[in-house]
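Asker: What TrEMBL lists as domain 'CBS' is 706-763. Residues or ranges marked as transmembrane segment in TrEMBL: 68-97, 117-139, 233-256, 268-287, 320-341, 451-469, 475-494, 506-531.
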Amino acid sequence: MLANHLQSGIETARLVWSRIPNSDESQLLDDAVGLIKKNDGGGVESLDYEVIENFAYREEQAQRGKLYVSYLLVVKWFFALLIGICTGLAAVFINIAVENFAGWKFSATFDIIQKSYIAGFFVYVLFNLALVYSSVYIVTQFAPAAAGSGIPEIKGYLNGVDTHGILLFRTLVGKIFGSIGSVGGGLALGKEGPLVHTGACIASLLGQGGSTKYHINSRWLQVFRSDRDRRDLVTCGCAAGVAAAFRAPVGGVLFALEEVTSWWRSQLMWRVFFTSAVVAVVVRAAMGWCKSGKCGHFGSGGFIIWDISDGQEDYSFAELFPMAVIGVIGGLLGALFNQLTLYITTWRRNHLHMKGNRVKIIEACLVSILTSAISFGLPLLRKCTPCPESDPASGIECPRPPGMYGNYVNFYCSKDNEYNDLATIFFNTQDDAIRNLFSAKTINEYSSQSLLTFLVMFYALAVVTFGTAVPAGQFVPGIMIGSTYGRLVGMFVVKYYRKLNIEEGTYALLGAASFLGGSMRMTVSLCVIMVEISNNLKFLPLIMLVLLISKAVGDAFNEGIYEEQAQLRGIPLLESRPKYEMRNMTAKEACGSGRVVSFPRVVKVSDVVSILRSNKHNGFPVIDHTRSGEPLVIGLVLRSHLLVILQSKVDFQHSPLPSDSRGGARSIRHDSGEFAKPVSSKGICIDDIHLSSDDLEMYIDLAPFLNPSPYIVPEDMSLTKVYNLFRQLGLRHLFVVPRPSRVLGLITRKDLLIEDNKNVNTLELQSTSVRIGHQYKRLTTRNTDVERPLLNGLLQNQIPD
């Protein structure tokens, strides 16, 4: 009978193995660390955050009144409400699933180990392996962009770079269910980073009205089609994700402000804050409903994740030195973590993951087995400790039976009044382990040997697990690592300072903050998040101290983990400040000496097709000529707009002459929505457009479709100023032109202060150096030589797109 069961197990294993995809059997999907296939311009593409003020846009704006503007404002707040509700519900679903899977796993394991620890070990390993396998299978076969935390990709999106596939519906599904499998499977990773990505996906999908591919869409939601509006929604989604992950609404707002966005507006601040508040209400309401036992293990911990409000009441000046030491340790270990994960991820990318999806699945399963073996096996090697004298006022019970939440877990102990300190933090869910490490009034609960063993092993597991083909966050592993060495320092302080009011849990909290600061290099948002999750405002100055120290130490060695991972994925982030070398460079030197690819105002269709096929530029200058024959740059036309024009064919003309001398006076056949690129997709490709030989002989007048007022800089402007202008305005293209020869006037602050009681359509901005009458005369002459003075002359080059 045993032989039959064994043979059946072998056949099942063979069947599962045969279903694992191989690189020879199926097309290689995107790399698990976020490397997306290159197609028509590469795996990443810049976003058009600049308003394209072509004729279609101007005509649309002229038709809109104040009522429509008010309607758009109401819709934006409605979308903020929807994002908060949906992200909160997604977070509740993930938490319920993870907590219940973990609860069932530990309950089954502890029931079996009462009879046999070997059988319990196999059940524990197989349970984790099944969950991790489901996660990695979903990612490799359904949603490759769901691997990792997703924060580097979202940070790149809000910085102006779109990585194809990161905001699709399948990515959202893969992120949710993949996180459940990877976190529930006990890997050394968290669900907080994926929740940020989940919130961004929800916001993006709501902004585009759903998913057309999977027939889950609504025209009523298709209001915002520009990249600028989608950027605002994704920002709300990022803040909602953090607020849902840590139940820290203010921390979510500050995280979006400090970590992921490259710009900020006060109007957006209110909507982001509102979204985070909605998330907090949804999560709290769900937890209140779950407290009755309807959600299994979820909801019993309270809204505050790791409440230590009953911890250390005060601290002395002498404690600041060991707290500063914690900051230094956090900076060193955080920088080392970033460097090790960078090396291992690079090796995975260049050697391991190139071999196909089967290798990715095998790797994740091996990591799962290794993690399960260590978390189950190491507590077996640890001797149990007698329970301390119980204090009824503390409400802490010793020992607690296996599978129960709390401290002093009885695991592989010969006596009933003993507990296993290593099992209390190792053979447990990460949230419960952190709660145990943060706990107050539990002095001497852990031995230094157990904490040191856990620190070394979990640190190694976190480094190895990072970069596998599963959704993975770094917040919770960072808190686990930091709280462990923080508690070690706390034990030293308790022993040598001999003060009764010192709590080891206080130092565990500071250690968690220091490691996150040393690895992620966040300060303000992380400080607020740590205060919100601990519910103890008294620790605010101490958290600020260790964060400042850990960030300063970490910055001395390398960049933050998100910046390094973005660089590894090929995401060209523009950091907050330019490089020092840019001070001695000019705009002309940066754009090089290559020839600018441009179009004439009226261009032959065959020439457009030839240029689009021969290069990958996304923006092209449009050149016209004055009556005297001098070239004049009249604007910028985007590649995506040209593709729409070629596909529709309605703007083709037989004549090589302009449709009218002023351009755009004719009735345009497109609205601005037709030129909007679908969210996080490649849009139209030149190879998808089929033109006949007659079509190729026709012409297009580009004047109605170009942006007549692109941003420009003189050729001798310092590259530092160019960098700041480019980043702060969220540009995609920037023209470099020769030094202009004339000035129409100067605009100062008072010229931009338009009073409400004046008619905006008839208001003229007065120049501070040109008389009103003379200015009006020059503006009404319609002299094309002075209509665009800064664009007059030959264009030198483009800032690359």
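Along the chain as shown, residues are numbered 1 onward.
Note: Cβ is positioned from N, Cα and C throughout, glycine not excepted.
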Asker: Examine the transmembrane segment (233-256) against the transmembrane segment (320-341) and state whether at least 3 Cβ pairs sit under 8 A, considering only residue pairs 6 or more apart.
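Answerer: Between the transmembrane segment (233-256) and the transmembrane segment (320-341), contact is absent.
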Asker: Six or more residues out from either end of the transmembrane segment (268-287), which same-chain residues have a Cβ under 8 Å from its Cβ atoms?
Answerer: 76-77, 80-81, 83-85, 87-89, 91-92, 232, 235-237, 239-240, 242-244, 247, 249-250, 252-253, 256-257, 295, 298-299, 302-303
Asker: Report the DSSP secondary-structure composition of the domain 'CBS' (706-763) as helix, strand and coil residue counts.
Answerer: 15 helix, 8 strand, 35 coil
Asker: Would you say the transmembrane segment (475-494) and the transmembrane segment (320-341) are touching, if the rule is that at least three C-beta pairs must lie under 8 angstroms and be 6 or more residues apart?
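Answerer: Per Cβ check, the transmembrane segment (320-341) touches the transmembrane segment (475-494).
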Asker: Looking only at the domain 'CBS' (706-763), report the model's average pLDDT.
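Answerer: Taking every residue in the domain 'CBS' (706-763) and averaging pLDDT yields 82.
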